[in-house]
């Protein structure tokens, strides 16, 4: 009685915002099934040309009462993704998880840094990438990805605000249940995630998941220590994002506890 469904909900981003944590936590819910990997269907042309049947073939098997969710953080910043997703399903529900934009930049850098170290490639200090000739390097991709207002504008050209639920990534890590209950309500699902599904792992410093009689934490690549960043550089980043954040708050009728 199962088959593969095109997702009724997509986690569209943002990279280093907590998309993996959100997906794994939602996977606890009996009415949700999740795609195992990031599909990159709507943002990578070489995948998009393979067509919708190829996309569906990558989804898990589900029962009729279950919602299929996939997550690809690259969708949020992709110029093509909003229209392509709208063309597939104009009434789809989208999940967007965001965190403080400066923290997200540092986390973005940290991921690339460790990847380069593991692959024996040269690395640069955070400050040497973020500051060029004494000024903020606003062309740095990690900074561009944190301009939430710029990217959100493209999504709102194709979707109404009530189709996009924004999850507070900073809150999800500190206290997962209330954020997940908001997602349940947004998806019109009965309560299926409980406080007993989480326990705080002192070693890792974040919540891990307990479900189906087993315990699991996010991959070891998550929660890596961030570099200590020079306060002057931090202030430059806070200052740069301030106006963009204010514009984003107005756009979504909601403010966040960001610098």
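Cβ coordinates come from backbone N, Cα and C, glycine included.
Those TrEMBL annotations? Automatic predictions, nothing curated.
Marked as domain 'Sulfotransferase' by TrEMBL: 7-245. Summarising the annotation, TrEMBL assigns active site, for sulfotransferase activity to 16. Annotated 3'-phosphoadenylyl sulfate binding site per TrEMBL: 16, 17, 18, 19, 20, 99, 107, 207, 222, 223, 224, 225, 226, in sequence order. Summarising the annotation, TrEMBL assigns disulfide bond to 208-217.
Overlay of TrEMBL annotations on the structure.
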residue: 16; record: active site, for sulfotransferase activity; Cβ within 10 Å: 23
residue: 18; record: 3'-phosphoadenylyl sulfate binding site; Cβ within 10 Å: 27
residue: 20; record: 3'-phosphoadenylyl sulfate binding site; Cβ within 10 Å: 18
residue: 107; record: 3'-phosphoadenylyl sulfate binding site; Cβ within 10 Å: 22
residue: 208; record: disulfide bond; Cβ within 10 Å: 16
residue: 217; record: disulfide bond; Cβ within 10 Å: 16
residue: 224; record: 3'-phosphoadenylyl sulfate binding site; Cβ within 10 Å: 11
residue: 226; record: 3'-phosphoadenylyl sulfate binding site; Cβ within 10 Å: 13
Between residue 20 (3'-phosphoadenylyl sulfate binding site) and residue 208 (disulfide bond): CA-CA distance (Å): 12
Mean predicted confidence [pLDDT] for the domain 'Sulfotransferase' (7-245): 95
Cα-nearest neighbour of residue 16 (active site, for sulfotransferase activity) within the listed binding-site residues, 107, 224, 226: 107
